[in-house]
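Input: a single structure, listed below in structure tokens.
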Amino acid sequence: MGNTLTGRSNAIAPIISAEDAKTYISDEEYRRIRQAFQRFKNGCINYDEFCYHVLGGAQIPEEKRRLLFSFFSHGAETISFDNLLSSLVGLCRVEEVQSRFIEEYHEFASWGLSPPKLTIPLNDSYISFYEVMSYVTHLSVNEVIELEKVFATISDRAVCKLNEEKWKQALGGCFPDSYAERLFAVFDENRDGQIDFRELVCTLSALCRGPLPGRISQLARIWDVDCDKLLSDEELSNMYKDLNVPEEHQTVTKSSNGKSALVDFGIWAQENEKYVNEYYSMALQIGHICLGLRPESRKMELQIVNEFEKRASELPLSEWNIVASGWHAELRSFLEADKNPNPIDNSGIKGTREDSWTSKVACISAESARLKPDLIPSDYIRVPVPLWRAWLRWHGCALTVDSQFTRKYLDGEFFEDNKPALELYPLEILLLGHDRKKSQDGTENTPRSLTSWACAQVSRSMTVDELLALCKTELRLGDGDARLWQVVKENEEGNVLLDDGAQNLHQLYSSLGKTKKVNKMKLLLEVRERGTGVWPEELRASLSGKQITAASTLSSNAQLSDSSGRPGAVGLVNYGNFCYRNAGIQCLARVSPLTQYFLDEDNLDAIKRGNLRRGDAAETTIEYAKLLREMWAAKKKNIAPNDFNDAIRLSSDMFECSEQHDCQEFVAFLLDQLHTSMYESNKSLHPSPEESEGTDSNKLSDSSKKKEADKEEADEEKAERSWTEYEKQNESLVTQLFTGQLRSRLICRTCQSSSSVFEPFTSLSLPIGFEDVDLYQVIVVHRDGRIPRRYGFRLSRDSKVGNLREVVAVSSGISMSHLTIQCMSSKGTLMSRSPNHRSSNLRDELPLSSFPSGARLYALELPESTGEDQWRVAMHRKLQYNHEPYILGSTAGFIVSRFGLPLIVGLDEEVTGKKLYEDVMYQMHRFMEHSVNSSSSRAHDPCEDENSGYPFTLCLVDPNYEWCGQCPALRFCRGCPIRPDESKVFIPANCPIAVDWLPIALYLRYNHSQEQACEDDPSVAETWSRHFAPSSLEHCIEKFSCPETLDAAIQCDRCEKKTMRDKVMTIWKLPKYLIIHLKRFEFLREQGRMGKCKRTVNFPLKHFDPAPFVDKPDGNTYECIALANHYGQLSCGHFIAYAKSNEDKWLLLNDCSVREVSEEEVDKQGAYLLFYERKDVK
């Protein structure tokens, strides 16, 4: 059976063969181990896998782990299955192997009396939730499991509960709203506004299973508004009214203090069943068809389905499923004969794929099945979606693919006869894409050919935006990265850009003039190039010189019906990541005096004469003027500004590459180019007089006198002189239109004396901005078991735990010395306390920025004795039998799960086990169901009685709440229990406590909804609003003018010493056209990168009065004439423009697309550049 021992050097102990090992285990155990081993990809187990999957992550010292691995592997680098089986069974089941192993390796001596368990026995300690639910209801374990599968598909996955919205969706609009709402309240036993799975199972059992009188009695809860399980006179009156009970039959007995118990209603209902039949029938239909309960018999299924179909046949549902009439008739006959029905068979109405695009490319829509052409009403029946899903669960489907036909019921506008009908034949869309391969010559600037990408079967009522969203979801694209085109001819010109997202596909299909029976249409999904930002179709148009046609310009009902007749309403083709240029040009073009200047041929000739050397600025200006002329000629719907972009490339290296750039920088650069060429032109026409009069010494003397005069000159005079000098040196139309004046003051912080400097500006850059604060929400848990309260705080990013404790103490009224902060990850793991894990308290100096993302913060009240080692954190825990294949029972035989709120357990010198248990029970009384309610919708277990003992066991565990906190790791102990008696308890340092729940008590007495209940302090809403609320233009200007203390001291003439100064920037004078730059991009020093502030800035489109923020206001107001928006990130975002037309209408200018929008449709959220025009007071 075994071999002789070898030396410790290769760490191999005597083993048995794999064949011998099989005789010590059952066939089921062998299959389990074999299945668990098959999960390893390479057919063997390496050291890391051995530590995790076999040893279960237990904190065994490294040396012993290595020794065990060598024993299992026979000294090899990996473990084969035979070696695993023989070693595992030998150590767990064979006494001779165990004794020889221990003799050789004394450090494993504890395995002599208690060897590792190969298999964990299944007993009540590890009973599953399904078994508990089956035990207290009339449902089997399999029925509970099946219900859970359905519940997962209809509930809110984030919280695993049914809210009212999800409840209505599950019912599919097939029942009266009032009835659905009241039945929801019946299922919601704890009245928290949600139905958890336990409530669903128990209520379904009460309504649909067991003795009929009990089921009928539960129906009375529909009218039990106050949830006291009794019907008052008012509730009885409402019941009689809803059921249309005549007065002579209003005879429900009142057996409980003048009120009717549920059983009284049940007795009355059996005697007067004709009044309650409809309500009870609807409850059965909802329970079985909508919520997933399988009918007990074929007779019951036939009854439920017949009543449901009769109810739903005339309902105005928007969506139906199509089923073959033949199978439906067969189903009915089988159920009537008490035979098992065949699976759903729609082959009789299923169409072919011969001419379908689904046979060539993938389908991205939910369905791709086609119906046979020319079906008549007798070929099929329509059924509500909930019934179709129920049939799938109960009977399955004969066809593995293309078996489901979900169709919409549409208004008459979608059909030739203008009558509402079922859309039997949806549109089939073939989606083309650009070939991702390089062109034959290897360049990127050649138009790509179109190729079939995918298809979709969608309703005519679907809008362009909805179809585009479907495509972007499939490709995981962001906003602005894709758009749709209507294909007229593949790989030829004439495709139509679908820029009107509200347009439905029926309108597009009708515009093609195809016959009704075709039902096919080709669309192009254009995706922007990731690296260059180029739109392939705009590149095609640019190279070919062809026009791009947008659907909005062709729509008969569009107000912008003929953009070619409207000056300036022209799109600009983006063929090289030039959206920042296009947006800037469209905005700047709305400055009427500047545009009119360049439209005048004489002015352009003057610029050419004044810039004879034709410098870079002149070239850019001339090309800009040509571009404006083409835009205002309005002979084209869109223009490819090739020559202008070439001039930009030659003028500056800044914009040479095809990467994304800043629209504000481009506008500033373009204005500077325009100004330079205008200035040179003016200078050549009006040369300035010679300035060479006088000597250099005279000039120096004049300069000294000027400096002396500055000291006594008033700010008004200084500003006027500075402005006059600036105008004289920068004479141009750009200066007249765009230049304003700022005042920069340095204020002595000691004597308050100040000095001013005046500076010109052409755009006002305003901070939004990035606040150096983070938002924290902390749940304060009191020891008296009251409902926890959540507080909100905004703290600086360098705050520590101590700062958080301080503000929590002030808000909650708990002294700081009686608070501990605990951080729990989204997986229920408490954050490490300190490097040596000697304390349960997070260190005050720990930065809050170290908390993981999505973590929950708790502030727990400590007991009166608050010494460092006089309290412990307790966590709820459950041990559940592992039904999945595992290798070693001691480490993987059950699953350890943590849940719920952490608790604080006090440890004074005289603490006993009973005192610990009572302390935990006291803190949990809020979410424990204490009394057994005789009217509940389920049976009750003896453990629910408060006199049956504690429903949990307190165990000493390690800081991870996985293993024992005091036993050696080789014992594989999950936690030593604390006895609930009067004996004193010793709890080692760094040893928290686990609250191990008995399964039945956990599933029946622990109310998870109440445990999660939390009251919000007003500070939560207040801090949230402050943190995420939109800013305003006024607030941004105020931040712009906030004092900033300089780093270095400056000599003060009045103080006669160096003093600290505050620098204050204010607006002295505004220009005719004010460009405001909202600084969304700033450098984040903590993260070492540029970041974007996405906060919305509210600003007026009309009647903006800047007077409160201007030192010398003139009483004029401003009106917004254009704005450039940015979406996405700096390196891969997209710019668009909104601008006013000559007719004072707002236009959306998105590269080549131009569409008229209302003022309300102007998107302010992404505003980046604002262009305001002054409205002078007459």
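A Cβ is built for glycine as well, from the same backbone N, Cα and C atoms used for every other residue.
Now, the feature entries from Swiss-Prot:
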- Cys579: active site, nucleophile (ACT_SITE)
- His1134: active site, proton acceptor (ACT_SITE)
- Asp188, Asn190, Asp192, Gln194, Glu199: Ca(2+) 1 binding site (BINDING)
- Asp224, Asp226, Asp228, Glu235: Ca(2+) 2 binding site (BINDING)
- 28-60: domain 'EF-hand 1' (DOMAIN)
- 175-210: domain 'EF-hand 2' (DOMAIN)
- 211-246: domain 'EF-hand 3' (DOMAIN)
- 296-410: domain 'DUSP' (DOMAIN)
- 570-1175: domain 'USP' (DOMAIN)
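Of the binding-site residues Asn190, Gln194, Gln194 has the largest number of other Cβ atoms within 10 Å of its own Cβ. With Cys579 (active site, nucleophile) as the anchor, the candidate binding-site residues are Asn190, Gln194, Asp224, Asp228, and the one with the nearest CA is Gln194. A sphere of 10 angstroms centred on the C-beta of Asp192 (Ca(2+) 1 binding site) encloses 16 other C-beta atoms. The recorded positions shown are Asn190, Asp192, Gln194, Glu199, His1134; of these, the one with its CA atom nearest the CA of Asp228 (Ca(2+) 2 binding site) is Asn190. The number of other Cβ atoms within 10 Å of the Cβ belonging to Asp188 (Ca(2+) 1 binding site), over all protein chains shown, comes to 23. When the Cα atoms are compared, Asn190 (Ca(2+) 1 binding site) and Asp224 (Ca(2+) 2 binding site) turn out to be 13 Å apart. Within the same chain, residues 22, 66, 68-69, 72, 77-81, 84-85, 88, 118-119, 885-888, 890-892, 958, 962-963, 969-970, 972 sit at least 6 positions outside the domain 'EF-hand 1' (28-60) and bring their C-beta atoms closer than 8 Å to a C-beta of that stretch.
Secondary structure at Gln194 (Ca(2+) 1 binding site), as computed by DSSP, is coil. In sequence order, Trp223, Val225, Cys227, Lys229, Leu230, Leu231, Ser232 are the same-chain residues whose CB sits within 8 A of the CB centroid of Asp224, Asp226, Asp228, Glu235, the residues recorded for Ca(2+) 2 being left out. Taking DSSP states H, G and I as helix and E and B as strand, the domain 'EF-hand 3' (211-246) has 21 helix, 2 strand, 13 coil. When each of the recorded positions Glu235, His1134 is scored by how many other Cβ atoms sit within 10 Å of its Cβ, Glu235 comes out lowest. Across the binding-site residues listed here (Glu199, Asp226, Asp228), the residue whose Cβ sits among the most other Cβ atoms within 10 Å is Glu199. Helix first, then strand, then coil: DSSP counts for the domain 'EF-hand 1' (28-60) stand at 18 helix, 1 strand, 14 coil. Asp224 (Ca(2+) 2 binding site) has Asp188 as its nearest neighbour among the binding-site residues Asp188, Asp192, Gln194, Glu199, going by CA to CA distance. Look at His1134 (active site, proton acceptor): DSSP puts it in a strand.
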